[in-house]
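Asks: Here's the feature list from Swiss-Prot:
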type	residues	note
SIGNAL	1-20	signal peptide
TOPO_DOM	21-35	topological domain 'Extracellular'
TRANSMEM	36-56	transmembrane segment
TOPO_DOM	57-87	topological domain 'Cytoplasmic'
LIPID	C60	S-palmitoyl cysteine
LIPID	C62	S-palmitoyl cysteine
MOD_RES	C62	S-glutathionyl cysteine
MOD_RES	S75	phosphoserine
MOD_RES	S83	phosphoserine
Amino acid sequence: MASLSHILVLWVGILTVVNAEAPQEHDPFTYDYQSLRIGGLIIAGILFILGILIVLSRRCRCKFNQQQSLGKMRSPHLAAQFSSESC
């Protein structure tokens, strides 16, 4: 009987070791945050440099005329109303 109990204990031990060494299934909800962080920093750096290049290029393709200043846009009638002649 002692040999049968030894065989059962040995068999249970072998089964435990075999189950422990079984390859783990890939968990789809495990993320690699280090790669995600590095990728985000690279994209942020590229967008930052692109923004600086756009600002420094001084090319704005806007629809309004950029050559008009605030002084030229004033009406001459408004300037006449506030002249010193009315005092």
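Keep in mind that glycine also has a Cβ here, set from the backbone N, Cα and C atoms.
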Asks: Over the topological domain 'Extracellular' (21-35), what does the predicted model average in pLDDT?
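Replies: Within the topological domain 'Extracellular' (21-35), the model's average pLDDT equals 78.
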Asks: Take the topological domain 'Extracellular' (21-35) and count its residues per DSSP category (helix H/G/I, strand E/B, coil), listing them in that order.
Replies: 3 helix, 0 strand, 12 coil
